[in-house]
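Enquirer: Pasting in a structure now, in structure tokens, and then I'll have a few things to ask.
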């Protein structure tokens, strides 16, 4: 047994693809003019959620604040870009269905938009307020007798069908019972229109050169002292007495008195110092990416529309301010 859920729950949901990968928050909900059921959601994705895509609700599952869609993340990101501020034309819907390889958008989940739906349906079934049922966009619901015929996806080729962009403020007005009556909807549709614009912040990044690093080597001179042990020979005179026996032997050999000389060669170690160049270190230049967060604050302007109504009433965005 299917349980009806409130459309407002979709605005508080975070969207995930069919594999459970996170996409982003739900920005807008597109409601079918005739059935009052959501047929598309605009899902934010990318850096800071600045990008968005329209995704059919076909096969979705809403559990708490998690909205799992029936399509993969790459297909959702590659969805055709449409003007989210306007109604979806039949051609827009066909392009979306072709991208997601769907033939219709019928879904098993059922949603309610406000507490007045049962009263509105009863009034339309009784034949009262037929113009409101035809308006569709403001009412958001059709007569029960038309729901089977006008189910989303079965009328995508009809030129008179468009999806409505249901905002959070409009849902709150409906729930509070302050939505615009049927006769005022008809007058507003037939009267002049005014476009309201607002500034939106676009965030982009680009790579710029911030500096250049070079490796350079130069020669410095240091003094190094090394102690080297060396040896040398020195002359030392040694006198040794001759015994009487040795004297007789020496006298027998040569006992003449005369001049004579003897020489001794001396040696010493001397230090020879040489230098050589040897590799001792290798230095490279490398880069690494460091991620940081910058905060930018901008002032954005938006237009507000005030209307002076009849009978001394001031109207703002379709609400009576008396």
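Cβ atoms are placed via backbone N, Cα and C, with glycine included.
Copying in the features that TrEMBL gives for the protein in this structure:
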type: COMPBIAS; residues: 105-126; note: compositional bias 'Basic and acidic residues'
type: COMPBIAS; residues: 129-139; note: compositional bias 'Gly residues'
type: COMPBIAS; residues: 146-192; note: compositional bias 'Basic and acidic residues'
type: DOMAIN; residues: 4-64; note: domain 'PRC-barrel'
type: DOMAIN; residues: 194-306; note: domain 'DUF2382'
type: REGION; residues: 105-192; note: region 'Disordered'
type: REGION; residues: 290-322; note: region 'Disordered'
Enquirer: DSSP says what for the domain 'PRC-barrel' (4-64): how many helix, strand, coil residues?
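Expert: Computed counts for the domain 'PRC-barrel' (4-64) are 7 helix, 33 strand, 21 coil.
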Enquirer: When DSSP states are grouped into helix, strand and coil, how many residues of the domain 'DUF2382' (194-306) land in each?
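Expert: Output for the domain 'DUF2382' (194-306) reads 10 helix, 5 strand, 98 coil.
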